[in-house]
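Reading through the structure tokens given below for one structure.
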Amino acid sequence: MAALAYNLGKREINHYFSVRSAKVLALVAVLLLAACHLASRRYRGNDSCEYLLSSGRFLGEKVWQPHSCMMHKYKISEAKTCLVDKHIAFIGDSRIRQLFYSFVKIINPQFKEEGNKHENIPFEDKAASVKVDFLWHPEVNGSMKQCIKVWTEDSVLKPHVIVAGAATWSIKIHNGSEEALAQYKMNITSIAPLLEKLAKTSDVYWVLQDPVYEDLLSENRKMITNEKIDAYNEAAVSILNSSTRTSKSNVKMFSVSKLIAQETIMESLDGLHLPESSRETSAMILMNVYCNKVVKPVDGSCCQPRPPLTLIQKLAACFFTLSIIGYFIFYVIHRNAHRKNKPCTDLESGEEKKNIINTPVSSLEILLQSFCKLGLIMAYFYMCDRANLFMKENKFYTHSSFFIPIIYILVLGVFYNENTKETKVLNREQTDEWKGWMQLVILIYHISGASTFLPVYMHIRVLVAAYLFQTGYGHFSYFWIKGDFGIHRVCQVLFRLNFLVVVLCIVMDRPYQFYYFVPLVTVWFMVIYVTLALWPQITQKKANGNFFWYLGLLLKLGLLLLCIWFLAYSQGAFEKIFSLWPLSKCFELEGSVYEWWFRWRLDRYVVFHGVLFAFIYLALQRRQILSEGKGEPLFSNKISNFLLFVSVVSFLTYSIWASSCKNKAECNELHPSVSVVQIVAFILIRNIPGYARSIYSSFFAWFGKISLELFICQYHIWLAADTRGILVLIPGNPTLNIIVSTFIFVCVAHEISQITTDLAQVVIPKDNPSLFRRLACTIAFFGGVLILSSIQDKSRL
């Protein structure tokens, strides 16, 4: 009864809401969100530096999130690279001195806070040619004015960056009097033109005063109240912002420290000075403001302009624009032709006569329609991760942000279960289900930033290995059973795997190796194909006639294993192979193939394990040792129970080991050899009981059919900044933002999967002469792209 109600309910839902309806809704949502963000940027401004300097919130303890953009955490080498031959000056009171110390410690963590506090403090890194000075001027007075005036008159002494601020001493010395505030306004007014003049050629920041924790203030500081601080800040802002009447002031207000202090001042030791973690955050913000445009970190979107379009991107834009125009012209012509062929009414009988000519969908129409849709989708990709239209945020990991969504999807997956069409081991529905739930877990892992939690990282590594295991299992099974080593099959698989990634490499200006998983499965597919296609070609049909063919296949697999082992422990040989042009253009990342070697080596044996498992399974199946009937256990009851017990123990043992990992490098070294234990254990647990083989989760299987597209699309339209951050379509509401962005992301992935399938039917013909002509055109196309890419790379140097 429950099953009947479920099926009726599902039909009712599908009647009113289909995948097509979902995609239309997603398109409307994208257009509305794009319009809202565009209007917001027109109204509030498009400068993310202003947001970085003025707004933000804490994601968690000590993790600051600027409004609308991502903040990069600078390493020592990056800071020195940015500040080479630069002079930075901090001028002000003890709070500015604290900021100076935190800034210098980014460059040199060993720098100590020592010496007389009420005097100038110099810092110089001669090797990096970086000079940072603190100048003790606790009040805005004639002394500070004279110092600033010298900089305006002497270009040699003038710093590249000036960070200034003072007020608490004026409040303290004059006991918070109104006369002191009036004098402060006069002094600020007198130095404002000088700061504005400096700001034309240098970066000038005025640091607004942070609030105090009045309960902790000593008796001689009790007059420094938050009310007084607000009055002094208001005076500084109004005067400095009005120092130029013709345009916006070039002196930047560093007001974000106030927000940071509001959350952390309770941790202060004296109620006046901020704790070290807060100072470090403010110093890192300063570093981002000045250095992001120089270093251009991927995970630092604040203060970075939109990257200029490359020649290849411009050509791609022209191609997609022409495709869209071409499709609309084709559509108008086709519609007019359809109107002419409308059913007409017979004058005698009054009945409609239907046109018996049914025009088939042409290859040209499929091509134009597919590229039209793909062009619009790529425009969305570009808007999300290149055009700075939508906002981005940093990831922040908590256990709840990872495990609660996992529980949600598991409940949904269990709820949507159906009977399988067949009950064989790793049948199609089951492998789709396996891919689906693994992909959903990996997506949650990426968006939650769970890679920082080692036990989760190690289990996710097994899921990635399981994908590669399926690659070995699936491709070996196909070639072994069907013996189809034709070029058509190879082209189909390569097109299915690589089409989206190649388009993204062109549109998003990213190297092929950036989407590391696709090169990985592509290379392993070719390795399996070459291993089995080379003479002698051994298939199941041939091996059944002579047992020695089995030995021949095992010899081939043994040689493959030997090659894998050699390349895994010979980094030099591996890098020489993949550093050859044009392979280097495909497998290099930032001028090195090390990343490719690391990725390949991390799961080097699991594809071989998949091939070996498929060989053993098919051999057992051929000899009818397995019982794969509906509801039947895979083996006899005793053997099945024993294998189930061993599998459960092995599965849990691996999880306990992975959860107890302390060192990522050591665990990664063991992972290639031991990941197969949990994979095979899972397969046996899932397939030995007959009832488990007979059902599958249609929810997970649906996602499994588009798992490749989900994995690739997440880089730019769900995550952001090339997976380093999170895309923000709806600011201020993280839960609603995730729901909306996920909905659009899944719809896009599904549509791209359909586009790839449609194009594969047209682009890859079954007759060899046509196929070879297409291959020649493809080679010429990639040759042109590689040449243009090489020219672009040289122009960037």
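Positions of Cβ are set from backbone N, Cα and C atoms, glycine also.
These come from Swiss-Prot:
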type	residues	note
TOPO_DOM	1-18	topological domain 'Cytoplasmic'
TOPO_DOM	40-313	topological domain 'Lumenal'
CARBOHYD	N46	N-linked glycosylation site
ACT_SITE	S94	active site, acyl-ester intermediate
CARBOHYD	N175	N-linked glycosylation site
CARBOHYD	N187	N-linked glycosylation site
ACT_SITE	D270	active site
ACT_SITE	H273	active site
TRANSMEM	314-334	transmembrane segment
TOPO_DOM	335-363	topological domain 'Cytoplasmic'
TRANSMEM	364-384	transmembrane segment
TRANSMEM	396-416	transmembrane segment
TOPO_DOM	417-439	topological domain 'Cytoplasmic'
TRANSMEM	440-460	transmembrane segment
TRANSMEM	462-482	transmembrane segment
TOPO_DOM	483-486	topological domain 'Cytoplasmic'
TOPO_DOM	508-513	topological domain 'Lumenal'
TRANSMEM	514-534	transmembrane segment
TRANSMEM	547-567	transmembrane segment
TOPO_DOM	568-599	topological domain 'Lumenal'
TRANSMEM	600-620	transmembrane segment
TOPO_DOM	621-638	topological domain 'Cytoplasmic'
TRANSMEM	639-659	transmembrane segment
TRANSMEM	672-692	transmembrane segment
TOPO_DOM	693-698	topological domain 'Cytoplasmic'
TOPO_DOM	720-725	topological domain 'Lumenal'
TRANSMEM	726-746	transmembrane segment
TOPO_DOM	747-770	topological domain 'Cytoplasmic'
TRANSMEM	771-791	transmembrane segment
TOPO_DOM	792-797	topological domain 'Lumenal'
Among N175, N187, which are glycosylation sites, the residue with the most C-beta atoms within 10 angstroms of its C-beta: N187
Contact call for the transmembrane segment (672-692) and the transmembrane segment (462-482): at least 3 Cβ pairs under 8 Å, seq gap 6+: yes
Entry from the recorded positions list N46, S94 having the most other CB atoms no farther than 10 A: S94
Selection from 314-334, 396-416, 440-460, 600-620, 771-791, the stretch that has most Cβ pairs under 8 A to the transmembrane segment (639-659): 440-460
Distance from the residue listed as 'active site, acyl-ester intermediate' back to N46 (N-linked glycosylation site), taken between C-alpha atoms, in Å: 34
Rounded inter-Cα distance in Å - N187 (N-linked glycosylation site), S94 (active site, acyl-ester intermediate): 19
S94 (active site, acyl-ester intermediate) and N175 (N-linked glycosylation site), distance between Cα atoms, whole Å: 18
Most crowded position, judged by CB atoms within 10 A, among D270, H273 as active-site residues: H273
Residue numbers, six or more beyond the limits of the transmembrane segment (396-416), whose CB comes under 8 Å of its CB atoms: 59-60, 63, 65, 436-437, 440-441, 444-445, 448-450, 452-453, 456, 697-700
Alpha-carbon spacing, the residue listed as 'active site, acyl-ester intermediate' to H273 (active site), which is rounded to whole Å: 8
DSSP residue counts for the topological domain 'Lumenal' (508-513), split into helix, strand and coil: 2 helix, 0 strand, 4 coil
